[in-house]
Amino acid sequence: MVVAVRSWVANEGGKHLVLMLWLGANTWLFTKTFLLYFTGQQYHYLYKMLGLGLCISRASASVLNLNCSLVLLPMCRSLLTFVRGTHTVSSRKTRRLLDKSKTFHVACGVAICIFSVVHVSAHLVNVINFSVSYSDDFPALNLARYRGEDPKLIILTTVPGVTGVVLVLILFLMFMSSSYCVRVSNYEIFWYTHNLFIVFYVILMVHMVGGALKYQTNIVDHPPGCIRANQSSTEQQGEELEQRDDEERCREEAYFQPHTPQTWLWVSGPLCLYCAERLFRYIRSSDPVTIVTVVRHPCDVIELRMLKKSFKARPGQYVVLNCPGVSSFENHPFTLTMCPTENKETFGIHLRVVGDWTERFTQLLLPESRLDLEILPMVQQRRYPKLYVDGPFGSPSEEVFNYDVSLCVAGGIGVTPFACVLHALLDGWTGFRLQRLYFVWVCRELQSFYWFAELLCALHHKLWKENRPDYFNLKLYVSQTENLQSMSEEKYRPLTSRLLVGRPRWKLLFDEIGKTNKHKRVGVFCCGPKGISKSLHRLCNSARSPGTTFEFNKESFS
């Protein structure tokens, strides 16, 4: 598939620029620190004792400091939402880069793991050299207490050694639980182990306490390599001493001093920012919401409508739910399918019952004795579990209204980000530039379309009354052909004519949109399976109709 340079730059240019800057910063910092310890006069004797292990351990430590400070910034959701919402501060390109915050977080995390392995390996060599190359001439430089001390004893009896072991264990748990299979099969393990980052940072800031590595402080009075008055006989040979007799002699003994811990200088700023944001989010979400309505939809989908004082949100945003009745520490993100308006203060979400948390939450919302009820009246709301809502937070779907033409592609329950967009169009939101909306919804089962069938029909009738039938282009695809039935209800007739069997032919769809909207930027928004996402991403980067640029935006929770 041919790649169009213009489309590739629009979709990949920004993130690759940031990636190159990040890689450049890591490379520069590693090289700078390596050369400092390799050629620095103040580290002459230490390097003579430890060799390249000193340079590699310190260079990798510098890279770790950088990434341990950067890895927290993408998780400041409220800050990113503020920047995204302030259009005078951020352009659309900047806001699209913010959508990659999770990817950047993962990249920093992987860099931390890789350079931790390098750092630990180099320090293991250092510990062995501390034991083998014990210095009788400079006792203050030694970490070992005597020549030939067991390296394992050195590690387990020093502050850097013990804290290093604990940091490695925490990092190993966080890394293993971050794998896709663990997050999908047991999200609770991922959640609990990832919160060990607090312990990780506390230990990290005291890791250097103990002064394992020391530098020389009196280079002027004791130039490295100068002849000392009490130099041991093993280090001086008669002939060599005669040749160096006229060389500079040491005016005093070498003095060594441990480095002042600097990790806190790197991580304290981002850590304080993150803690301040978490405090702000805790205060904001401290009051429980009022659950107004619970609706059971086909295919194990629950609709939840809530009410919260002073809650405001924009279409495309998401919230994080916490239900103490299920778990006090687990928080799960859900896209808003209905935003509060001037005439309606309630907001809603749709969640699919998949996994332990959603199953237990559904059991609290709809106990066994009430499973036959679809809508629970508000008079029974006292029986609902206590629920806290944090947010809203920004997402790529907010940009749907900022293009002249947008294509929204949903797979199954991935329709939720766009449901709020459709509600906004139905409620008559104004002030956006969107002139045409293409909406493609792919489901495995026909019953899934009933989640938002009434909304789609209502929007269809509204646009027909306003004489704007071309504004909203709807296509529904059902991929499962076995026992297929049609939506026979009269009120769903507008959807029947737009219901297709099979899977979309994406290339033909893009060609059609490109020919109809020449010389325009088309925003492509996707929320669904990886297969659909990858296909759309490739098509957005490939050559399309002349003058038409497709900008790919993928929904991803942080």
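Note that Cβ sites are derived from N, Cα and C of the backbone, with glycine treated the same way.
Residues or ranges marked as domain 'Ferric oxidoreductase' in TrEMBL: 81-204. Per TrEMBL, the feature domain 'FAD-binding 8' maps to 289-397. Taken from TrEMBL, the feature domain 'Ferric reductase NAD binding' applies to 403-541. According to TrEMBL, the transmembrane segment annotation covers 17-39, 104-125, 153-177, 189-213.
The average per-residue pLDDT of the prediction over the domain 'FAD-binding 8' (289-397) is 83, rounded to a whole number. Residues 18-19, 22, 26, 50-51, 53-54, 56-57, 60-61, 63-64, 67-68, 70-71, 74-75, 151, 164, 167-168, 171, 174-175, 178, 558 of the same chain, all 6+ positions outside the transmembrane segment (104-125), place their C-beta atoms under 8 angstroms from a C-beta of that stretch. The DSSP breakdown of the domain 'Ferric oxidoreductase' (81-204), given as helix, strand and coil counts, is 94 helix, 0 strand, 30 coil.
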